[in-house]
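J.: Before I ask anything, let me first share the structure, which is written out below as structure tokens.
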Amino acid sequence: MDNHSSVPWASAASVTCLSLDAKCHSSSSSCSSKSTASSISASPETQTMRHIAHTQRCLSRLTSLVALLLIVLPMMFSPAHSCGPGRGLGRHRARNLYPLVLKQTIPNLSEYTNSASGPLEGVIRRDSPKFKDLVPNYNRDILFRDEEGTGADRLMSKRCKEKLNVLAYSVMNEWPGIRLLVTESWDEDYHHGQESLHYEGRAVTIATSDRDQSKYGMLARLAVEAGFDWVSYVSRRHIYCSVKSDSSISSHVHGCFTPESTALLESGVRKPLGELSIGDRVLSMTANGQGVYSEVILFMDRNLEQMQNFVQLHTDGGAVLTVTPAHLVSVWQPESQKLTFVFADRIEESTFFLLRDGQSGGGGEKQVQQNGIHWYANALYKVKDYVLPQSWRHD
């Protein structure tokens, strides 16, 4: 038995190399070589080895190309910061929280400024109409001292309750086994002087259940993080916190009408806003002041149960306009012959504002073109405090 027959893979490998390097041979190769290559190429073993060699060469080139791309591509990108996960997604990144020092307040402003908790709105008594706006707090993670025995320390504004519940959760995370202690909330016995937000249910004095005064500086910091509008490390015995009024939060963000206000339908019928439905066509106004009928496609802010403060504007003709303080009203300036927009609570006497003429047809059959629903409206409200001048904002 010869060598070629005893080692078949050696013969196949040599022929494969010959086939791959065929272009390097001269055209004057012998017929015996051609016949040998032809005969071996017909063999299945030869075809398999040729395919393997070609595949290995392709894989080698592909590996080199991928390695080159992995080196070059990172150089073509610039670093960028992305938004983090929202609330409830993933774990919160640990932050270094620094405790407040004695007599420190955040923000470092008067409590009654608009940038803090805002001005006083009046004492709330049990027989006051606003008393029903106070809500009890039955959070089991909060201890209420309730020295009076009347449950008054559990009563507070909705915003104060919301922030207090957040703070209670933070206290349990910061000091396991320790709970938040509320020593004073709504006060009906006038123990806090003539001017105090305790009388409106917008302020609380707090401590920890173990009465450890070394924790109070960090407790004040946790109150700031919980969202209280004004926090003061007022005493070694407790922390004082207060919030904006519920009415100022809602009425200064959106402009609304009362549910009893009416809208003129295309059919000529006047319908209360509280009874409007999606699809009703109501009289509105275009940018150039022309009256048109527009279809109701969405209610951006509709709450028929919410109690709200409103402003009433009376004209010499007997018309009455009832809107929230932050509602924009079309005001006519005779001197400059210009139409501007002013917040309702900033309109003064002898001001001309735009009303519909009862004799006009309101635009006939003309229909307004819908431009779609602006889903980003709430985002614009949130960034307005950072991008708009102070004179443009309703604070």
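Any Cβ shown, glycine's included, is placed from N, Cα and C.
As annotated by Swiss-Prot, Ca(2+) 1 binding site applies to Glu147, Glu148, Asp153, Thr183, Glu184, with the evidence given as similarity to another entry. Feature annotation from Swiss-Prot assigns Ca(2+) 2 binding site to Glu148, Glu184, Asp187, Asp189; the stated evidence is similarity to another entry. What Swiss-Prot lists as compositional bias 'Low complexity' is 26-43. Summarising the annotation, Swiss-Prot assigns N-palmitoyl cysteine to Cys83. According to Swiss-Prot, the cholesterol glycine ester annotation covers Gly255. Annotated region 'Disordered' per Swiss-Prot: 26-46, in sequence order. Taken from Swiss-Prot, the feature signal peptide applies to 1-26, supported by sequence analysis. The site 'Involved in cholesterol transfer' annotation in Swiss-Prot covers Asp301.
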J.: Work out the three-state DSSP category of Thr183 (Ca(2+) 1 binding site).
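T.: Reduced to three states, the DSSP call for Thr183 (Ca(2+) 1 binding site) is strand.
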J.: Taking the center of the Cβ atoms of Glu148, Glu184, Asp187, Asp189 at the recorded Ca(2+) 2 site, which other residues in this chain have a Cβ no more than 8 Å from that point?
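T.: Surrounding the site, in chain order, are Glu147, Ala152, Asp153, Trp186, Glu188, His191, His198.
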J.: Any idea what the Cα distance is from Asp153 (Ca(2+) 1 binding site) over to Asp187 (Ca(2+) 2 binding site), rounded to a whole Å?
T.: 7
J.: Write out the long-range same-chain contacts of Glu147 (Ca(2+) 1 binding site), meaning residues 6 or more apart in sequence whose Cβ is under 8 Å from its Cβ.
T.: Asp153
J.: Measuring Cα to Cα, how far is Glu148 (Ca(2+) 1 binding site) from Asp189 (Ca(2+) 2 binding site) in Å?
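T.: Distance (Cα to Cα, whole Å): 9 Å.
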J.: Return the single residue from the binding-site residues list (Asp153, Asp187, Asp189) that has the minimum number of other CB atoms within 10 Å.
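T.: Relative to the other binding-site residues in Asp153, Asp187, Asp189, Asp189 has the fewest Cβ atoms within 10 Å.
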J.: Taking every protein chain shown into account, which of the binding-site residues Glu148, Glu184 has the largest tally of Cβ atoms within 10 Å of its Cβ?
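T.: Neighbour-count leader: Glu184.
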J.: Might you list, by sequence position, any residue in that chain lying six or more from Thr183 (Ca(2+) 1 binding site) with a Cβ less than 8 Å away from its Cβ?
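T.: Listed in sequence order, they are Arg145, Asp153, Thr205, Ile206, Ala207, His238.
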